[in-house]
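A.B. asks: Please see the structure below; I have some questions.
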């Protein structure tokens, strides 16, 4: 089967410089969702028709299995499909999809394709309580489809029809080529409608078959930011329902956003207002607190991420604890039982098994061993204004509060670093390191008094 995806429209009602089909749904372009659905049907040819913002669209979805046809002028859906004909296999039927209709199920399209075998012309229709704005499916007294009429060209009787055309069709390609060549544009829009092909198919003796999706939202398109927001909520609720069915506990299914792939083990619990982006894995027994953002991360069994934490490109070991208000940046690796607490930032650094940095700390470009205690206010000074250097802290080190490690520097196993120390030289194992300070206490000191105005 050939699949053609129409993605050439301007999307004026989006009021955006970004081509409509590139607006994100769940963090990915609308068009990418449609391409994924098309791929699931294993087409022999996959062609995307581009026009407005053609090069931008091409760059966003380019792949070895995707071919592109260009519609220089947006002269209607029939004209758009015609641009793809040279790239299609005429011996295979063609399924036409739309780059701004992202939620159609693969099973729905397969059902339509199966119904349109043996040189039938298949149309996906849906019955709406309010069909305003859509083309109507006109049938005769026997229930056979006779034509599809667009809203602007419909008579008062036809406007009362509640079965509408979704625009998604399956047609025999060789005949479709002839029918498209014979299309006229004698209509209110002056465009070449793909829907007008139906009458030609009937005249040629082809049976018009219709199927409907299981859910009305499968055929909803995006023409405005409001419609985009509506589809985002539908899609996110579908994803939440799938997580619930898989045994994930969601504090509120309406307050989770998945903008990528979220794989969960058993007994995973997710609190409200969490966002998951890219590829995220939550192993058995993971708990995610409220208002967390987790991107491209792997979190091992039994780990806990407390509220308001932000993880990006991080790996969290079994039974580790993160947060609240922690930030793990790309390259952060926490071993089993490690703790990273409030207002701690870890970047391109490893924290060994059982090590803890519980308060107000920056650990960047560092290798920290097991059972290390990092006191509040500790900073690895990794940048000299031109280059970054690593800090190495071996196992069983105790780091007092308000400590700075000026990289490159290595601190040996079992070292104790006194509070307020700046470490700029390597320290051998089991040493106490501190900066000499004197403390002076003076009697008779009087605090200043605020002057009266």
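Each residue, glycine too, has its Cβ placed from N, Cα and C.
What Swiss-Prot shows for this protein is this:
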type	residues	note
ACT_SITE	359	active site, proton acceptor
BINDING	6-9, 20, 71, 76-77, 98-100, 135, 150, 165, 223, 329, 347, 362, 373	UDP-N-acetyl-alpha-D-glucosamine binding site
BINDING	100, 223	Mg(2+) binding site
BINDING	376, 382, 383, 401, 419	acetyl-CoA binding site
REGION	1-225	region 'Pyrophosphorylase'
REGION	226-246	region 'Linker'
REGION	247-453	region 'N-acetyltransferase'
A.B. asks: Find the one among the binding-site residues 223, 383, 401, 419 whose C-alpha lies closest to that of residue 99 (UDP-N-acetyl-alpha-D-glucosamine binding site).
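C.D. replies: It is 223, whose Cα lies nearest.
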A.B. asks: Hey, which bits of the same chain come close to the region 'Linker' (226-246), Cβ under 8 Å, at least six residues off its ends?
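C.D. replies: Hits for the region 'Linker' (226-246): 14, 23, 25-26, 30, 102-103, 217, 220, 253-254, 256-258, 262, 264, 270.
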A.B. asks: If you measure residue 382 (acetyl-CoA binding site) to residue 150 (UDP-N-acetyl-alpha-D-glucosamine binding site) at Cα, how many Å is it?
C.D. replies: 65
A.B. asks: What is the total of other Cβ atoms whose distance to the Cβ of residue 376 (acetyl-CoA binding site) is within 10 Å?
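C.D. replies: Its Cβ shell of radius 10 Å holds 19 other Cβ atoms.
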A.B. asks: Among 376, 382, 383, 401, 419, the annotated acetyl-CoA contacts, find the widest CA pair distance and round it to a whole Å.
C.D. replies: 22
A.B. asks: Fill in the CA-CA distance, the residue listed as 'active site, proton acceptor' to residue 223 (Mg(2+) binding site), as an integer in Å.
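C.D. replies: Between the alpha carbons of the residue listed as 'active site, proton acceptor' and residue 223 (Mg(2+) binding site) there are 48 Å.
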A.B. asks: On average, what pLDDT score does this prediction assign to the region 'Linker' (226-246)?
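C.D. replies: Per the prediction, mean pLDDT sits at 98 for the region 'Linker' (226-246).
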A.B. asks: Cα-Cα separation of residue 329 (UDP-N-acetyl-alpha-D-glucosamine binding site) and residue 419 (acetyl-CoA binding site), in Å?
C.D. replies: 26
A.B. asks: Identify, in sequence order, the residues in the chain of residue 401 (acetyl-CoA binding site) that are 6 or more apart from it along the sequence and have a CB within less than 8 Å of its CB; answer 'none' if there are none.
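C.D. replies: Same-chain residues close to residue 401 (acetyl-CoA binding site) (Cβ under 8 Å, separated by 6 or more) are 375, 376, 377, 378, 419, 420.
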A.B. asks: Select one residue from 223, 373, 382: among these binding-site residues, choose the one with the most other Cβ atoms within 10 Å of its Cβ.
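C.D. replies: Max Cβ neighbours within 10 Å, all protein chains included: 382.
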A.B. asks: In three-state terms from DSSP, label residue 419 (acetyl-CoA binding site) for me.
C.D. replies: coil
A.B. asks: These are the binding-site residues: 6, 419. Which one scores highest on other Cβ atoms within 10 Å?
C.D. replies: 6
A.B. asks: Within 10 Å of the Cβ of residue 329 (UDP-N-acetyl-alpha-D-glucosamine binding site), how many other Cβ atoms can you find? Include all protein chains, please.
C.D. replies: 16
A.B. asks: Between residue 150 (UDP-N-acetyl-alpha-D-glucosamine binding site) and residue 383 (acetyl-CoA binding site), how far is it from one CA atom to the other, in Å?
C.D. replies: 64
A.B. asks: Between the Cα atoms of residue 9 (UDP-N-acetyl-alpha-D-glucosamine binding site) and residue 100 (Mg(2+) binding site), find the distance and write it as a whole number of Å.
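C.D. replies: Between the alpha carbons of residue 9 (UDP-N-acetyl-alpha-D-glucosamine binding site) and residue 100 (Mg(2+) binding site) there are 9 Å.
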